[in-house]
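*Asks:* Can you read through this structure? Questions will come right after.
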């Protein structure tokens with residue numbers, strides 16, 4: 001049996017003596033450790049009284065209902081990152097950037113608890129992060145460090161809190177999967193250089209909204225539903241959890257395409273996912289796993305953000321299917 005590789009060992013080998021990489025390794029280690037604590041809170045479910053309840057009457061900075069556990073997760077991550085070389089934290093739960101370390105060389109964007117609306121139903125939720133380099137001499141306005149196209153990311157990943165606590169991570173050299181070993185307390189490398197199959201017969205979308213979609217997306221789904229007798233010439237399965245980290249992990253495991261389009265409803269014109277906190281980190285992971293990610297037409301990682309809480313339509317997964325969807329536009 002081959003020797004198990006822990007996250008700590010993997011990061012040490014990857015970083016070596018490079019100070020920039022060491023900073024990234026410290027930040028990812030901190031996020032992973034915070035994630036273990038968040039996973040424990042999620043696992044206790046209704047035993048943790050009030051954590052699944054809506055917090056106040058005002059939505060979070062992204063416009064979504066904020067649960068108590070969203071805030072607790074953000075606090076856990078913020079506390080974990082304080083000793084690391086992270087200058088600022090951008091969070092889906094906070095309107096403004098959160099200053100951490102004035103001498104830091106990183107800025108990190110995080111969705112502390114993606115899918116928190118599913119907590120009551122015991123569905124997998126998770127934490128998504130994006131890491132960008134930061135230089136105070138260059139970025140005199142810290143917001144400008146966050147407001148860069150996703151191609152500038154040096155690392156990204158997500159933790160999925162389900163039957164197992166999973167870390168899917170990239171450092172620009174492929175996409176790796178780590179599993180938290182509850183006996184040793186370590187994250188252990190489970191899959192290296194994940195590759196999403198280019199072809200698929202599986203899509204994930206909330207099909208109940210089809211009546212609100214623009215014609216290109218409606219036409220794509222109609223052709224999938226027509227199956228082997230239709231223009232696609234093959235039968236499709238639909239899978240939709242409604243928690244993006246769970247849907248994403250399925251795609252990294254067995255392929256498929258995830259679709260969250262904009263639609264005609266007020267507030268849904270650009271979908272509901274955030275470019276900086278969700279689309280960019282997942283797009284980086286996807287491309288490093290030989291998949292593709294677009295807003296339906298344009299590569300996600302090339303898009304210039306115009307607001308730290310900007311929403312964007314998102315299509316990611318099996319490359320050929322993402323390109324097929326783009327052809328409908």
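Placement of Cβ uses the backbone N, Cα and C atoms for every residue, glycine included.
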*Asks:* For the Mg(2+) 1 site that Swiss-Prot assigns to 111, 113, which of the candidates 75, 92, 93 is also assigned?
*Replies:* 92
*Asks:* Can you tell which of 3, 269, 278 Swiss-Prot lists as binding Mg(2+) 2 with 111, 114?
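*Replies:* The candidate from 3, 269, 278 that Swiss-Prot ties to Mg(2+) 2 along with 111, 114 is 278.
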*Asks:* What is the total of other Cβ atoms whose distance to the Cβ of residue 206 (substrate binding site) is within 10 Å?
*Replies:* 13
*Asks:* In the same chain, outside 92, 111, 113, whose C-beta lies within 8 angstroms of the Cβ mean position for the Mg(2+) 1 site?
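*Replies:* Sorted by sequence, the hits are 70, 73, 74, 91, 93, 110, 112, 114, 116, 127, 128, 277, 278.
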*Asks:* Of all the binding-site residues given, namely 111, 113, 115, 117, 206, which is spatially nearest to residue 278 (Mg(2+) 2 binding site) at the Cα level?
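*Replies:* Comparing Cα positions, the closest of these binding-site residues turns out to be 111.
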*Asks:* Applying the rule Cβ within 8 Å of the centroid of the Cβ atoms of 111, 114, 278, what extra residues of the same chain belong around the Mg(2+) 2 site?
*Replies:* 92, 115, 126, 127, 128, 158, 244, 245, 273, 274, 277, 281
